[in-house]
Amino acid sequence: MAKEIEKANEEEEDSAVRLLREMGYKQELYRGFAPFMSFTFCFTAVNVLASLTIGFSLSLATGGSAIAIWSWFVSSIFTILVGFSFAEICSIYPSAGSVYHWAGELMTARYAPLTCFICGWFNFIGNVTSDVTLSSGFATILNAAMIISGNSSLSTGVQTGISIAISFIWVTTNALRIDRQGWIHTLATGIQIGGVAIIVIVLFAMARQQATAEDVFTSTYNGTGFPFIYVCFIGVVPALFSFSGYDAGAHLAEETRDAGRATPKGIVGTCICSAVVGATYLLALLFSIPNVRSFVESNQHSGGELNLAIATYQLAVPSPGPLLLTILLLVNLYFAGMSSLTATSRISFAMARDGVLPFSAILRWIFQPTKTPIATLIFLFIFESSFLLLQLVAPTAFSAFLASSTLGLQISYGIPVLLRCTVARNCFGLGEFSLGRFGQPIAVISSAWLFLTSFIMFFPFQYPVTSENMNYAVVIIGGTLLVAAVYWIVSARHWFLGPKRTNIDSTPLLPVQDLNKESYQGLPSSDSVRP
């Protein structure tokens, strides 16, 4: 029996390696992820327990209970639809490039290089700022643990140092071979689900006073200074951030066995499970706050240094309960950040492999003993640390990180889904995961949702808008895209062809791919243009 299982695994790996070769790449990363690990990795990367917590203060300040819970319900529905579209595309193109690679495959030959270049850079900056948000959030929650244990609040400089230190620890953990990380993610999934169960039970059982259902689902709070209709729009930002990262499993497709089947299931399973787990946790928090207005304002008057989710623990649970629950959150934040950095390193590696990033020849280097992109990990640590230092000069840097992360990922998600229902609508192939006749309408709805909500990420969160409270997401995204634009104009546009477009057995070529073959004639081979 053991030999038969081993033989089946070898056949699956051989077919996966062959498929990867047909997409124009060789197997450089270690394919050691079991199919179930694809789900646990994706679920850990999203980690709604951690992401909802670090965005909870913003949620209550921009709408209160009603906006927070209804935004979650609406975001859940549309995110699950996007997840279905992702799964359908990923089953045909299971590569580390994920949305970047898909955009190049689904676009016409003439515009494929520019399209995937733009999509890749948006996904790159979205993942980078997601890592930054999680490391900054880790320091914030650790500071909250210090406060509720009776110690003084940590200075901004100390919290920034902690953020950089935890980022370094995540880098060292990511140097492990991927199958070793897979077991950590599986453990993290159990801890996340168990952690939510413990927190929900404790809050409902021990809360001194609870809000009514009417309070939770209808009461609002506007601490922004903007009209309420405006708040209804920006109130969706924390929910969207909490869901972002469900493409993480796709970035590990080249390291997952039977990726064409396992990765799509992991994406859909993550979206559904995260929606349910997140709603349960959010409801437990909101029912533990009898009066949102007095709760938020009292915390603001006391300095506003305590995350409002932690303040909710203090309100509902006697000591030392809040500290124990906060430690549980820190454990989940650690795993979330570790998984998020893994996904970021893979999209960075995939882009470097095709020459999309500056210094790609260096960044694509693989450390052979573990088959991990060590050079990319070192680069990401340096790059993300520079973003974390912005906290020393900009008090609203955290909100900008959160909005930038969500914006970058939303746009990069929307590009391949839009192409699937427009350019490739008549010749989109069938993979291991297919939506059949529902694929087209779901893709239309998903792309509309992704692009419409992307505009919201530029909106400020406070009025009147000043240099201290403005939303600096436009600066972070704009600055990064400026670098990308200069690199494209000066260099990449002269030689970059995008991911290699090939005829995969179950996937009919797009009509323009014959033209694409002609466009490669007389040009360097795909291997020669990749450093």
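A Cβ is built for glycine as well, from the same backbone N, Cα and C atoms used for every other residue.
Keep in mind that TrEMBL annotations are predicted by a computer and have not been checked by a curator.
The annotation transmembrane segment is assigned in TrEMBL to 33-61 (among others). Listed as Cβ neighbours of the transmembrane segment (33-61) (distance under 8 Å, sequence separation of 6 or more from its ends, same chain) are residues 67-68, 71, 133-134, 137, 140-141, 178-179, 181-183, 185-186, 188-189, 192, 195-196, 199, 221, 223-224, 235, 237-239, 241-246, 248-249, 252, 255-259, 261-263, 265-267, 269-270, 273-274, 277-278, 281-282, 285, 292, 295-296, 307-310, 312, 329, 332-333, 335-336, 338-340, 342-343, 399, 402, 461.
The annotation transmembrane segment is assigned in TrEMBL to 67-87 (among others).
Beyond its flanks by at least six residues, the transmembrane segment (108-126) meets 97-101, 244, 247, 344, 347-348, 350-351, 356-357, 404-412, 415-416, 419, 423, 476-477, 480-481, 484, 488, 492-493, 496-499, 501, 510, 512-513, 515-516, 519 of its own chain at Cβ-Cβ distances under 8 Å. Annotated transmembrane segment per TrEMBL: 108-126 (among others), in sequence order.
Here the transmembrane segment (138-171) has long-range neighbours at 53-54, 131-132, 303, 305-307, 310, 313-314, 322-323, 326-327, 329-330, 333-334, 337-338, 341, 377-378, 380-381, 384-385, 388-389, 391-392, 398, meaning same-chain residues at least 6 beyond its ends whose C-beta is under 8 angstroms from one of its own. Taken from TrEMBL, the feature transmembrane segment covers 138-171 (among others).
Residues or ranges marked as transmembrane segment in TrEMBL: 183-207 (among others).
According to TrEMBL, the transmembrane segment annotation covers 227-246 (among others).
If you look up TrEMBL, you'll see 267-289 (among others) marked as transmembrane segment.
The transmembrane segment annotation in TrEMBL covers 323-343 (among others).
Under the heading transmembrane segment, TrEMBL lists 374-394 (among others).
Sequence-distant contacts of the transmembrane segment (400-421) (same chain, at least 6 residues past either end, Cβ-Cβ under 8 Å): 55, 58, 82, 85-86, 88-89, 99-100, 102-103, 106-107, 115, 118-120, 122-127, 129-130, 132-133, 136, 237-238, 240-241, 244-245, 247, 387, 390, 394, 428, 439-440, 443-444, 446-447, 450-451, 453-454, 457-458, 471-473, 475-477. Annotated transmembrane segment per TrEMBL: 400-421 (among others), in sequence order.
Counting same-chain residues at least six beyond the ends of the transmembrane segment (442-463), those with a Cβ under 8 angstroms from any Cβ of the stretch are 58, 61-62, 78, 81-82, 84-85, 224-226, 230, 233-234, 236-237, 240, 396, 399, 403-404, 406-407, 410-411, 413-414, 417-418, 420-421, 435, 469-471, 473-474. The transmembrane segment annotation in TrEMBL covers 442-463 (among others).
Positions annotated as transmembrane segment by TrEMBL: 469-490 (among others).
When the stretches 227-246, 267-289, 374-394, 469-490 are ranked by Cβ pairs under 8 Å to the transmembrane segment (183-207), first place goes to 267-289. Proximity of the transmembrane segment (67-87) to the transmembrane segment (267-289) is established through 3 or more Cβ-Cβ distances under 8 Å for residue pairs spaced 6 or more apart. Taking Cβ pairs closer than 8 Å, the transmembrane segment (374-394) reaches residues 128-129, 131-132, 135-136, 156-157, 159-160, 163-164, 167-168, 171, 174-175, 341, 344-345, 348-349, 352, 359, 362-367, 400-401, 468, 472, 476 in its own chain, all 6 or more past its ends.
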